[in-house]
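Marked as transmembrane segment by Swiss-Prot: 4-24, 43-63, 84-104, 109-129, 147-167, 186-206, 219-239, 243-263.
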Amino acid sequence: MDLIYFIKAFFLGVIEGITEFLPISSTGHLILIGDWINFSSNEEKVFEVVIQLGGILAVCWLFRDKIINLINGVLKSDPVAQRFAVIVMISFLPSAIIGALFIHDIKNVLFNTTVVATALIVGGLIILWVENRKDSEKFKIENIEKIGFKQAIIIGIAQCIAMIPGTSRSGATIVGGMLSGVSRKAATEYSFFLAIPTMLGAAIYDASKNYHLLNTDDILAILIGFSAAFISALIVVNALIRFVAKHSLSVFAWYRIALGLIIFSVN
């Protein structure tokens, strides 16, 4: 393997780490950029799983204190911790069920540049609409522990829609939260928590299906991609939490729309 191959692995790891938690669609970017740089690997599916694990690990590290407190609270029968754990599972289960049943059909039918471009534009327009509603700043829920069953269900449904490449899991769940009365900052933080079981579940499922593709010749490239995703996700998650506390998501909406139009213009 040459140096260019490892550079491509690093580049895709960075793209995964940056785009996974921004409302701009990591899957869409990986599809587009993977084709653009002609990245091919005998274990391409395994590579995608591993770099997603890098992003998951970054979130777990950043929220380690809250995660430990949550686990301890659940084990000690703390009602607040147990309620929050149930809320997260309610948001997680719809996508877990639909993903397990239809993920292969979704990938076979929807994983193409036309769908990605369309979803980017439509998602961008929805974000602009949500951010510019007259009641957009009248949120009732400012703390993730106050998120209720109604909000959890709406966010869970939104996450199902995000299975369409180009939609963005984080974007859909944040918008779902905001539409149900959760503040932008709280919706963003909840989206990160929800990402842990969602991405971990998807990674375990994909790994169980594709572990036989693992080849020791690509271990170094996989480790490079994993490390790049982990470090870039650490930076992005921290930055996004600070950003959404003071700014709207409109800048990401315009980026999505512009990228979608560019994709249509070159295809």
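Heads up, the Cβ atoms here are built off N, Cα and C, so glycines get one too.
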> Who are the long-range neighbours of the transmembrane segment (4-24) in its own chain, taking Cβ under 8 Å and residues 6 or more past its ends?
Replying inline: 30, 33-34, 37, 39, 41, 47, 51-52, 54-55, 58-59, 120, 123, 127, 168-171, 174-175, 191-192, 195, 199, 220-222, 224-237, 240, 249, 252-253, 255-256, 259
> Can you name the far-off residues of the same chain, 6+ from the ends of the transmembrane segment (147-167), with a Cβ under 8 Å from a Cβ of it?
Replying inline: 25, 27-28, 31, 84, 87-88, 90-95, 98-99, 103, 106, 110-111, 115-120, 123, 141, 173, 175-177, 179-182, 186-187, 190-191, 194, 198, 260
> Of the listed stretches (43-63, 84-104, 109-129, 186-206), which one yields the highest count of Cβ-Cβ distances below 8 Å with the transmembrane segment (243-263)?
Replying inline: 109-129
> Which listed range (84-104, 186-206, 219-239) shows the maximal number of Cβ pairs under 8 Å with respect to the transmembrane segment (43-63)?
Replying inline: 219-239
> For the transmembrane segment (219-239), what are the same-chain contacts with Cβ under 8 Å, counting residues 6+ beyond its ends?
Replying inline: 1, 5-6, 9-14, 16-18, 20-22, 41, 43, 46-47, 50-55, 57-59, 61-62, 192
